[in-house]
Amino acid sequence: MAQKPKRTKSGSAWMHEHVTDAYVKKAQQDGFRSRAAYKLLEIDSRDHLLHPGMTVVDLGAAPGSWCQVAVQKMKRQGRVLAIDLLPVAPLPGVEALQGDFTAPDTLAWLENTLQAARVDLVLSDMAPNMSGVMLRDQARHYELCELALDFAVNWLKPDGAFLVKVFQGSGFEDFRNAMRRAFDQVVIRKPDASRDRSSEVYLLGRRPVKLESVAATGAS
């Protein structure tokens, strides 16, 4: 008889926390794909990021709860482009690609889909596959953040905004300073739906200070 795999204490604790989490239960009741929806809902209620008619790019979109919030808040009047290494099941009003944001063909898809149209809001909830080596994982995470920031600066409208998930610790201050150089206003948000024990916070940048030339990417 095959032996059942042992469940670690940390795995059991995570599972218990997950199934008893009020936001997990609420997401199931409200039809959202994950509890992360409430992070964006709370930030939007404070900062008024989403409006009908916008073009939104969601990086690290799977399973799609932020896309759901965006479509809902925009009343299906606008565009939502979603990218993730994992598949995003079809959602009305969302154009999704399963791909690696760091790969040239993924960026080419974005550029071709946008067709030189500027973006109102870039969302990034990206995180690397964790190796368990903290410094390495943090470095890889901020590499993704920097790529998302570069995309945002190049494609946002002058009054656009960039919301990115970051983790406080190594690399945080350097990235926040990069955000401050790129945007007129940068604030930190820690929504209630973020677990207290997590170092996760969100940086919100508004109004790019200087839109870099994007002639090479095909935008005008």
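Every residue, even glycine, has its Cβ placed from backbone N, Cα and C.
Positions annotated as S-adenosyl-L-methionine binding site by Swiss-Prot, on the basis of sequence analysis: GLY64, TRP66, ASP84, ASP100, ASP125. Here Swiss-Prot flags LYS165 as active site, proton acceptor.
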>> Are there any residues at least 6 positions away along the chain from ASP100 (S-adenosyl-L-methionine binding site) with a Cβ closer than 8 Å to its Cβ? List them or say none.
In response: LEU85, THR106
>> Same chain only, sequence gap of 6 or more: which residues have a CB within under 8 Å of the CB of ASP84 (S-adenosyl-L-methionine binding site)?
In response: LEU59, GLY60, ALA61, ALA62, ALA96, GLN98, GLY99
> Is any of the binding-site residues GLY64, TRP66, ASP125 within 10 Å of LYS165 (active site, proton acceptor) (Cα-Cα), and if so, which, in sequence order?
Replying inline: ASP125
>> So if I measure Cβ to Cβ from GLY64 (S-adenosyl-L-methionine binding site) and keep only same-chain residues at least 6 apart in sequence, which ones fall under 8 Å?
In response: ARG33, ALA82, VAL88, ALA89, LEU91, VAL94, ALA96
> How big is the S-adenosyl-L-methionine site in terms of the longest C-alpha to C-alpha distance among GLY64, TRP66, ASP84, ASP100, ASP125, in angstrom?
Replying inline: 18
>> Quick check: in three-state DSSP terms, what is ASP125 (S-adenosyl-L-methionine binding site)?
In response: coil
